[in-house]
C-alpha cells in the first residue's frame, strides 16, 4: 500500500481516537465513544500490517486469537466492583508490551527504515524505563486491590533515596546504550531490571484507598511508554495514541488528586499522605458543607416531600445494595 495512503489512514485513526475520548467524557456517550476508539484501533492495526513487510502472519494471528479469548473471558467474568483491578492489569500489559517491542527492535539485525540512530536509542531507553515502571507498578496495584499484597503503605528505610538511586542507575545504564553500543543489549535489560524494581518501590507506599489515583498515573505512564515505542518503530499512529493516553491520564490524575485532597507532587514521589502544612482536619474540609438536623426534622422533611431521590455511591455499589434501593 502507498505510504501516503498509510499516513492518511493513521490520521483518520487519530481523529477517531480523539472522538472516542470525547465520547468517554459523558456517561450518555461513553459506549459510543468506546466503539469509536475501538474502530480507530482496528484501523491503525490493519494499516500497520499492510505497511510493514510481514514475513509470517501465523504468529500474529495466534497472538490476536489468544489475546481475544483472554480479553473476552476477563471482560465477561470481571465484577463491576473489580473494574480498577482490570484497568491496572491493562495498564501493565501496555507497559510490558512497550518494553518487549523496544527491546526486540534494538536487538533486530536490520536498522528500522527512516529512524535516526540517536532517536532510536533515546526512544528505546524511554520505553524501557517507563514501560517497566508501568508494568510492575500496575501488578503491585492489582495485588493491593485484590488483597494479594497488603493494602497498607509499605515503606523501606530511606525509601525515597532508594527510588532516586534506582532512577539514576536506570539513566546510567541507558547512557551505556548510547556510549557503548557493543553492550547495548545487556545494558537495556539491566535497565529494565532496575526500572522494574523502581516500579515496585514506587507503588508499595500507596495505600488501597489511594490506589485509584495511582492507577490513573500508571495509565498515563503506559501512554508515554507507547508514544516512546512509536518513535522506536517510526509509527505515527502509536505516537499520537500514546500522547493522547498520556495527556488524558495526567489530567485525570490531577482531577482526582484535587478531589482527594492530594497534591500531584505527593503522587509523583509516592507519598500519598497529605504534605506537612497542607493537611486539613475533617472540620476544615466539611466546614459550611454539612447541615445538621435531627430525626424529627428529617421526618418532617420526608413527610412534606413529593419525591425523594437516593443516589447510590461507591460504598453501596461495593455492598451490592443498589438493586434493593
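Positions of Cβ are set from backbone N, Cα and C atoms, glycine also.
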Problem set entry | transmembrane segment according to TrEMBL, located in which of 161-180, 261-280 | 161-180
Seminar exercise, completed: Which range is transmembrane segment per TrEMBL? Of 56-76, 287-307, it is 56-76
Seminar exercise, completed: Among 31-50, 211-230, TrEMBL lists transmembrane segment at 31-50
Exercise. Taking contact to mean three or more C-beta pairs under 8 angstroms, with sequence separation of 6 or more, is the transmembrane segment (6-24) in contact with the transmembrane segment (161-180)?
Worked result: no
Seminar exercise, completed: Given the transmembrane segment (161-180), its same-chain partners at Cβ distance under 8 Å and 6+ residues beyond its ends are 106, 118, 121-122, 124-125, 128-129, 187-188, 190-191, 194-195, 197-198, 201-202, 270
Exercise. For the transmembrane segment (186-206), which recorded stretch in the set 56-76, 88-108, 120-141, 238-257 gives the largest number of Cβ pairs separated by under 8 Å?
Worked result: 120-141
Exercise. When each of 31-50, 120-141, 238-257 is checked against the transmembrane segment (88-108) for Cβ pairs under 8 Å, which one has the most?
Worked result: 120-141
